[in-house]
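Asks: Please see the structure below; I have some questions.
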């Protein structure tokens, strides 16, 4: 009997889950974190240069409608990836604030680091080439043992230079 | 007036062409008279540009709407200051300003006492004159500032309200001073190469110019960010817009240049790299102008679409090709005199890593900026590359840069020993880690914030130690008091300590960026009169909604009383301004600023029954950002100050020529 009651309750919960969620979701704040995660994916095309999270719905009709649509989709239980896919299918990748991380657009994300990595490797090779090959460390003519000595050395030489200018 | 104003442009163009030709002829025939004639032309050119500026100022101030430019960018009720600053609101006027700065810089360089008798002068003049010819050509035939309309309109279109802000008065001017300023080291570098001078004279001679150009570029970006923050009602200050990127890229490469020249000065190395960096920096200034004026990319900054961008692209291409040709033709000479490194771990190496990261950051910005074009060209699909991309790609690169900045002062020139590293880094590293642990305990737990602030703690400690050790060493020898020792230490080595002040400024800016990006709060609420909005410790009581008229503008404003932890902070009035001659209204935000955070209130919308919608944001550490910017200015000025111990331009010891 108990089990039947539980099943019955579960069924009722299942039937009414949509309306329960709807009540909660319809209160989605345009400045909430969950809305930000969804809306900041899409670029507003009103000319403001902002995304649909930032663009002010009170001055931009475009974003007002867009935001309403987003809330509707969120109310339906769509997650940010599904909403993203939906808009990309309609408007293409241009609607996103940043390129997709797949296909050709992946190049946008990867290339800066590939170039940086290659340049770092090249720099390593160049420095290695420049570093004089000296056997023992003692042979290295080091100007100063450490920075403190270096600072002292510089101060001293500047003072000597100053005096030299004064008297010579 | 029409004839006079236009004459300043066309005579200017004629003089620029004449001066370029006669100086080139003077150089090739080694005839000093020809060179002197060209130098005289420079003065005439400057006079023409100054008169053209004065003419446009006069036309704007007196609202002569028969002129297209005056009609397009001003209206009779505009305050006089904005009538005048409308000079750089449009294409033609801003290019005139650019030309004026270019001619001004030319005069300052060519007739400076230090350059007297220097054989590089005719070459520098010729290179800068080629720029002037281009700009005068544009002013004469493409973007004409003194074009008459067929009819005389009664009223002008007015100035975009967004541009009616003090930030907009200064932002373009400083940016142009920075852009044009980078032409100076470029011209010196080219002149040195043409003359086969492979020493570092050109670097030392233009050191101050480069820092000044860098300072103006920094100021341009800072004022732009500050303007966006107070004027756009968006609460942000940097949007990675293509045009912002266009001014950030040369800033990055110029910063790299300022560091790498120290290796050339000290070790006679990196000559090709330094020249390449200055060519790239100069080219990027033109690339930025191409972006702004061509309309190839969507940008809130873009000027009216025109074919002007194409001219800049062609000019940039020609300039870069010629510069690379000159560089390649001297490649062997430059390569021959290369020095060597003694160790992987040294200040020199850290400067190279610094260059790698700065140029890498510039490349990432460049790539992101042009990627929409690349994507469209390759697969016919347009993409938008916006803020999330740049934040994600730039954050690790620039944070690594901050780490190098923190470590570099502690490394010795030539070679740092393990003992040296341990001695210098153990304590700062331990303190930085302790600081990070403390942050986590206190609730700052976002990874970027903890790592970023940890790196900044390290930077602050290493820089403090740098000052401390300098003072200690000085006191050991001179027995001066600490403050006297600090003062003398700094003024006797302006570049180094000016640079450190700039580093500290960058650290403050970074703290502001991390704080405001990671811990900002915001809400948007519609409230009735008498109701409140609560955010963090603040309570905002909505007291009144009213309307007033200022000139031809209608202003709707709300009276808000702000309380913090129950204590009244005051009454504030966020506004929405409706312009008599502009379709789009603008928000005048109310900002309550403190060291800890800004409360940012935007009046967004209202209804007839008095209900109003407000966007309220709490932006942490914004003042740190502005304070850091101020430190950058102080540091850069300190570095270039010409006092008794300022940097002295060295005596020219390069190739002699019969003309100077």
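Heads up, the Cβ atoms here are built off N, Cα and C, so glycines get one too.
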Asks: Quick one: sort out which of B:395-413, B:471-489 is the transmembrane segment according to TrEMBL.
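Replies: Here TrEMBL associates transmembrane segment with the stretch B:395-413.
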Asks: I need to check the long-range neighbours of the transmembrane segment (B:80-111): which residues 6 or more away from its ends have a CB within less than 8 Å of a CB in the stretch?
Replies: 12, 39, 42-43, 45-46, 48-50, 52-53, 56-57, 60-61, 63, 69-70, 72-74, 121, 124-125, 128-129, 131-132, 135-136, 138-139, 143-145, 147, 159-160, 163-164, 168-169, 172-173, 176-177, 179-181, 183-184, 187, 209, 293, 303-304, 306, 308
Asks: Ranking B:6-28, B:40-60, B:248-263, B:425-444 by the number of C-beta pairs under 8 Å to the transmembrane segment (B:123-149), which range is first?
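Replies: Selected stretch: B:6-28, with the most Cβ pairs under 8 Å.
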Asks: The transmembrane segment (B:425-444) vs the transmembrane segment (B:356-375): three or more C-beta pairs under 8 Å (separation of 6 or more)?
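Replies: In this chain the transmembrane segment (B:425-444) does not contact the transmembrane segment (B:356-375) - fewer than 3 Cβ pairs sit under 8 Å.
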Asks: With a cut-off of 8 Å between Cβ atoms, can you find at least three pairs linking the transmembrane segment (B:624-641) to the transmembrane segment (B:207-228)? Only pairs 6 or more residues apart in sequence count.
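Replies: Yes; at least 3 Cβ pairs under 8 Å.
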Asks: So which of B:40-60, B:248-263, B:356-375 is most in touch with the transmembrane segment (B:6-28), counting Cβ pairs under 8 Å?
Replies: B:40-60
Asks: With Cβ-Cβ distances below 8 Å as the criterion, list the same-chain residues six or more beyond the ends of the transmembrane segment (B:40-60) that contact it, or say none.
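Replies: 1, 4-5, 8-9, 11-12, 15-16, 18-19, 22-23, 67, 69-70, 73-74, 83-84, 86-87, 93, 96-97, 99-100, 102-104, 106-107, 110-111, 125, 129, 132, 139, 145-146.
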